[in-house]
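Participant: Below are the features I grabbed from Swiss-Prot:
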type     : residues : note
REPEAT   : 14-132   : repeat 'Solcar 1'
TRANSMEM : 20-40    : transmembrane segment
TRANSMEM : 105-125  : transmembrane segment
REPEAT   : 140-224  : repeat 'Solcar 2'
TRANSMEM : 143-163  : transmembrane segment
TRANSMEM : 200-221  : transmembrane segment
REPEAT   : 234-328  : repeat 'Solcar 3'
TRANSMEM : 236-256  : transmembrane segment
TRANSMEM : 299-319  : transmembrane segment
Amino acid sequence: MQKNTEPAQEAVHITPSQQMIASSVGALLTSFLVTPLDVVKIRLQAQSKPFIKGKCFVYCNGLMDHLCMCTNGNGKAWYKAPGHFRGTMDAFVQIIRSEGIKSLWSGLPPTLVMAVPATVIYFTFYDQLRVILIRRMPERAEIASLVAGATARLGSATLISPLELIRTKMQYRPLSYKELMICIQSSLAKDGWLSLWKGWGPTVLRDVPFSALYWHNYELVKQSLCQRYNTLQPTFAISFTAGAVSGSIAAIVTLPFDVVKTRRQVEVGELEVFTYSHKRSSSTWKLMSAIVAENGFGGLFAGLVPRLIKVAPACAIMISTYEFGKSFFRKLNNERQLKSL
């Protein structure tokens, strides 16, 4: 039982503001290292099937998915830059040579405006809630990470969902603050408050189970590795390994919901932009049935390898950086306490 209460005791020495700083650094580093993979993937997709005006595609900065709108069929947007790539590595080399290394982070800054705050809220909320749950039910401490992970993701997804839809609509036509308010008021008058959370359902169906599985397995793997290497605090390598393993497991289990969520996210985004359309977006379960009808049950697990390549390193980098930051602040706080004695 003592082992299960150790995380709660450790977290006491870390203030929420310090958790926020640690998660902010982790979020920025994760975006910096993972975004080039998605930029290259999008460029390869655009080469094989050029984007047309008004169509959406999903852009991932390692923290969360964002809808991007192809606003000009003849424009020179980063995802339309010319190039003849023979593969992933060739794309990396050619982009750096012809466009400069900065091009590997094309489109990143606007997405960080929401991704970083969402990640900070998510990680801080998780740690704080997990401590509370362990204190209140120490006999069931093993499920604290599962409940805290699911709840934290539900909260952050609910807060960010309206902002993401507004950002998507603004991509297609730049709006002043006054025009934006009129647009929001019109949407509320027509469809009610729930219209701001279009696409929330598929996001929650994927992200909440993912988060619950991820944190539950992460804490188990971390504890197991700490015991194996006889250490009370996880090293960077332990956190990195535990993050990659738990992220991979969660990614595989929730892949069907990711396939559905991606398709519906694009569909909802296009409907939000083309306000004149009377078409209604399909429900999550109808989309899932359609995918099975078109491609069989295996269609729900399409893109497994690309998802693992994206999720595993992102989870590993984020959690290991976050744990390193918490360890730094824990030592700093302990030193301050010793000096005050």
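Using N, Cα and C of the backbone, Cβ positions are placed for all residues, glycine too.
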Participant: Can you tell me which parts of the same chain pack against the transmembrane segment (236-256), counting only residues 6+ beyond its ends and a CB-CB cutoff under 8 A?
Facilitator: 206, 209-211, 213-218, 221-222, 225-226, 229, 288, 300-301, 303-304, 307-308, 311-320, 322-324
Participant: By DSSP, how many residues in the repeat 'Solcar 1' (14-132) are helix, how many strand, and how many coil?
Facilitator: 78 helix, 10 strand, 31 coil
Participant: With a Cβ cut-off under 8 Å, give me the same-chain residues at least six positions beyond the ends of the transmembrane segment (143-163) that come close to it.
Facilitator: 64, 114, 118-119, 121-123, 125-127, 129-130, 133-134, 137, 196-197, 199-200, 203-204, 207-216, 218-219
Participant: Per DSSP, how many helix, strand and coil residues does the repeat 'Solcar 3' (234-328) have?
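Facilitator: Grouping H, G, I as helix and E, B as strand yields 79 helix, 0 strand, 16 coil.
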Participant: Compute the average pLDDT of the predicted model within the repeat 'Solcar 3' (234-328).
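Facilitator: Averaging the confidence scores along the repeat 'Solcar 3' (234-328) gives 83.
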